[in-house]
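Taken from TrEMBL as is:
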- A:35-53: transmembrane segment (TRANSMEM)
- A:65-85: transmembrane segment (TRANSMEM)
- A:92-110: transmembrane segment (TRANSMEM)
- A:116-136: transmembrane segment (TRANSMEM)
- A:143-162: transmembrane segment (TRANSMEM)
- A:182-204: transmembrane segment (TRANSMEM)
- A:225-243: transmembrane segment (TRANSMEM)
- A:249-267: transmembrane segment (TRANSMEM)
- A:298-319: transmembrane segment (TRANSMEM)
- A:325-345: transmembrane segment (TRANSMEM)
- A:357-377: transmembrane segment (TRANSMEM)
- A:383-402: transmembrane segment (TRANSMEM)
């Protein structure tokens with residue numbers, strides 16, 4: 001980190017002199033290097049699996065991948081919110097199972113309209129998160145214990161709800177089923193979305209550049225904005241092209257992307273988001289700045305519970321059923337581990353204060369690519385579990401090393417102000 | 001004669017359970033003046049700062065602000081008057097950048113949407129006017145040195161345009177060069193007309209920037225000295241109790257009896 005900083009500082013200084021202005025100072029920001037590494041890793045994974053099985057990069061498999069990342073990814077976005085305040089939510093797998101079961105029971109057995117059952121299931125997730133947040137922030141129980149208790153208890157409730165009926169098949173033509181089976185075919189929608197996204201990025205970057213220039217501050221050169229926009233255009237149009245080759249743009253992908261972009265804007269651009277980073281970066285500082293720490297903490301667990309429930313509806317949608325078997329699987333923690341792994345692999349720190357909603361997308365892509373590739377190769381679950389566990393450990397180890405390197409760069413490892421899980425991990 | 005002092009404390013007392021932390025303490029801070037507050041550990045320095053900052057209000061005593069009696073019951077009261085404090089532990093959000101830390105809790109925003117450009121502009125302006133050199137205002141505070149963090153903490157306290165600045169052991173964790181930069185900054189603030197209360201253990205710092213030194217011993221005033229005309233030994237003996245109250249209480253200068 002220290003070396004990286006000084007090299008970057010040197011490079012900046014050189015460019016500065018070459019171009020003769022402060023404008024040159026804004027190249028790659030610190031936070032942009034991690035995601036680039038993940039993207040490189042993803043490309044390697046794709047090339048390896050493509051080498052082993054020529055179907056891996058087929059439009060069909062890539063399209064399926066974009067649908068399969070939605071459930072894990074949505075849960076991972078919720079995990080990002082909780083990780084940003086330096087905590088963990090171990091209950092998300094069980095809560096997602098609960099939401100799927102609640103929806104199925106309400107809709108199929110009690111005849112509640114689908115839209116209402118969806119709302120109730122999602123709000124149930126929010127309420128569960130509020131309970132976790134209350135016990136953590138107001139009562140003072142460490143978050144990993146509260147949510148560990150939740151992992152068991154909510155799974156129990158799910159099995160109890162399904163107990164009388166066993167497997168419940170949901171309406172295959174309904175709203176929930178559509179979450180993972182609806183595609184917007186036709187190139188206009190796919191390419192149109194790619195164009196809108198690219199243009200939106202370009203206009204926002206140009207506006208920010210103008211404002212910075214008018215305020216007499218360093219700003220990005222137009223050429224750099226052009227290159228970035230170009231890269232984004234290549235990425236989005238290539239995605240649109242591949243998706244069009246199969247069935248079109250999946251609704252699941254659209255919803256997931258909307259949640260990621262919305263979460264990212266809230267976290268980076270609003271006062272509420274700033275409070276989240278403040279609590280994660282230094283509780284005492286946040287408190288002195290007037291942030292209601294307990295409220296932020298409860299809110300984060302509510303977000304995590306809500307998105308776990310939404311993810312659960314996607315799981316139910318993919319299976320078009322809710323059953324005791326899948327509920328037990330949800331309780332066994334595969335979705336939880338995948339979601340946490342996705343968030344951390346994508347670059348969100350376990351130690352709070354560092355991370356982004358985009359890490360859920362990147363990490364979910366990595367996790368699902370590995371799962372999909374191994375499934376294509378016919379590798380058994382046992383090996384998949386070991387690989388996923390190994391990848392998670394590697395990501396967390398990288399996170400820990402980054403943190404220690406940053407601390408050493410300052411000459412001393414500052415004592416952690418966090419308690420509970422953070423202290424346990426040291 | 002001149003304008004009334006910015007801040008005057010008369011007969012301030014505070015008790016924690018059975019411990020009398022402050023007894024009948026007097027203190028004055030005038031505009032464009034650095035007052036050093038010294039004393040042994042447990043003499044009541046930090047308690048006094050907390051009284052002034054509204055973090056731990058006094059039990060008894062009168063606080064006057066620009067000649068008018070005021071109540072300081074909460075941190076907000078002190079801020080509203082124009083009193084800012086920088087505590088020893090600094091308390092920053094490690095992962096937020098310099099701009100984010102400066103504006104934490106008072107972000108510039110439009111309908112909840114942060115105005116990053118405006119915040120960065122003001123941050124740069126402030127850093128520039130104070131001659132603070134931070135390599136990148138968008139760097140996370142975690143990578144800054146101790147001196148830079150201190151500078152950021154002080155800048156942060158100055159955003160609200162205070163008239164009195166309380167600094168609790170600002171040089172304790174700094175190296176030689178960083179200390180001298182900080183002392184330059186304190187002089188700069190004094191020249192801008194701020195009243196600065198500087199808590200320090202370091203006689204060198206005090207000799208360098210303080211105009212007056214107020215000594216606390218066992219929660220009581222134990223002397224007030226004009227720095228240029230007082231020897232270090234005299235101050236130290238006041239701190240340790242070797243010099244008694246009556247002698248030390250005499251002050252030089254035109255104002256006569258203190259306060």
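Glycine too: its Cβ is placed from the backbone N, Cα and C atoms.
Unlike curated entries, TrEMBL annotations are predicted automatically.
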Criterion met for the transmembrane segment (A:92-110) and the transmembrane segment (A:182-204) (at least three Cβ pairs under 8 Å): no
Stretch among A:35-53, A:65-85, A:298-319 sharing the most Cβ pairs under 8 Å with the transmembrane segment (A:325-345): A:65-85
Beyond the flanks of the transmembrane segment (A:357-377) by at least 6 residues, Cβ under 8 Å: 35, 38-39, 41-42, 45-46, 48-49, 52-53, 55-56, 61, 64-65, 68-69, 72-74, 76-77, 79-80, 256-257, 259-261, 263-264, 267, 338, 341-348, 383-384, 387-388, 391, 395
Long-range neighbours of the transmembrane segment (A:35-53), counting only residues six or more past its ends (CB under 8 A): 28, 345-347, 356, 358-359, 362-363, 365-366, 369-370, 372-373, 376-377
For the transmembrane segment (A:249-267), sequence-distant contacts whose Cβ falls under 8 Å of one of its Cβ atoms, 6 or more beyond its ends: 63, 66-67, 69-70, 73-74, 77, 80-81, 84, 178-180, 182-184, 189-190, 193, 240, 243, 273, 276-277, 307, 310, 314, 317, 356-358, 360-361
